[in-house]
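Trainee: Below is a structure I'd like to ask you about.
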Amino acid sequence: MNYQKELLIEAIQEDNLKEVQKLLQAGVNPNTLDEYGKLCIRSAINNENLDIVKVLLDYGADPNAIDKIKDPIILEAIRSRELGIINSLLKKGANPNVLDRHENPIILSALPRGVNIVNTLLNNGADPNQVDKNGNTALSIILERTGDINVDVTALLIEKVKEKALNLRNSNGETCLHLAAQQGKIQMFDKYLDYYQTVNITDKAGNTPLYWSKLLGHTEISDMLNKRAEELNETAYTKITKTERFEDLPPRPKIALSYNLEIGGRYANEEKTKLIYQGGDVEYIDFRAIVPESANTEKKINEEVINEAKQKAKELLAGKDALVIPGNNREVDKEVAKHFGGEVNIKTGQPDFARSLAEMVMAEVAIEKGMPIMGICGGHQIINTYLKVPILKEK
């Protein structure tokens, strides 16, 4: 690399606009690569320096050049949410349909970065029906990301390919309306409910949007669906199977989930959401109500203690159809395991005697009642220990 090219790279890195202009006027190549094989304009984009990007483009920087990074430089601007830089690159001929190094359209990277960026790409020729290497369009990817649905971005994509988009389904057979009902996105119903000639659109499980709005307590959406059903002179159902139609929510299995509000637990919260989405009627069962925390001080375990705990567990699990024991950062107490004929020889965290005893007793009651049990992480240890499967550290 010659000295002037080094000076250009240094000036860009230091946001020295005047020096950049001076060097470009002197004939330094605006497509200069740095010592790592990266285009110098990439540094200007990383620095979010619109003025330097514009100068480089005006002096001939190629907006479609590919360097050692292999990703198009416009992708750098998209990831940085730099709308001004994106516009400048597109104005100079950047390809809005270019693929990244993983063979995915760049519009896919724009989806989580806001409606303005997606709109800019679409207005400059980005194809909303362009597919990635797995055959997914931007809208179908949004449908698969059921954790959230960006109303503005989704609506923008729908407007580009309206009829096809509104009938698009994800792998669960869900339409935009199903996802909007799940997440309480009233704006989607305001915009598009009237397009559908029935409210009884079913997914693969036979669930309609009304099922999800009722299940998750989105009453305003439920009201909108019922009103639309009246306009269409039809009955709104929550679930349609080959043999039955349900106007209200169908019977749901009652699931007990071991939990304590003060201790909390990420797995418990996540699992409750997942179970509700699978149609479960989930109720937290406080393991501290079975064996109080004070037991951690005494650590007393005998038949009297066990029987008292079992009686409380039976009361709390009465009427339940299944038990879920989620994980936490506490290991099964060795003395509790020993009492139930198990063996624990690991060291992953501090044991919780009271919780171990409470959940071991819950597992015993559930097994005696013939209830299915699911264990997650530490919950696996509880079940395995009760079943006398040794939990040993790796050799």
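Here the Cβ of each residue, glycine as well, is placed from N, Cα and C on the backbone.
OK, Swiss-Prot features for this one:
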- 3-32: repeat 'ANK 1' (REPEAT)
- 36-65: repeat 'ANK 2' (REPEAT)
- 101-130: repeat 'ANK 4' (REPEAT)
- 272-395: domain 'Glutamine amidotransferase type-1' (DOMAIN)
- Cys377: active site, nucleophile (ACT_SITE)
Trainee: Just give the helix, strand and coil counts over the repeat 'ANK 2' (36-65), going by DSSP.
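Mentor: Helix/strand/coil tally for the repeat 'ANK 2' (36-65): 16 helix, 1 strand, 13 coil.
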Trainee: Report, as numbers and ranges, which residues of the same chain sit near the repeat 'ANK 4' (101-130): CB under 8 Å and 6 or more residues beyond its ends.
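Mentor: Sequence-remote neighbours of the repeat 'ANK 4' (101-130) are 69-72, 74-75, 78-79, 81, 83, 86-87, 90, 137-139, 141-142, 150, 152-153, 156-157, 160-161.
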Trainee: Helix, strand, coil: count each for the residues of the repeat 'ANK 1' (3-32), based on DSSP.
Mentor: 20 helix, 0 strand, 10 coil
Trainee: Around the C-beta of the residue listed as 'active site, nucleophile', how many further C-beta atoms are within 10 angstroms, looking at every protein chain?
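Mentor: Its Cβ shell of radius 10 Å holds 14 other Cβ atoms.
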Trainee: Could you find out if DSSP has the residue listed as 'active site, nucleophile' as helix, strand or coil?
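Mentor: Assignment for the residue listed as 'active site, nucleophile' reads coil.
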Trainee: To what whole number does the mean pLDDT across the repeat 'ANK 1' (3-32) round?
Mentor: 92
Trainee: Looking only at the domain 'Glutamine amidotransferase type-1' (272-395), what are its DSSP counts of helix, strand and coil residues?
Mentor: 60 helix, 17 strand, 47 coil
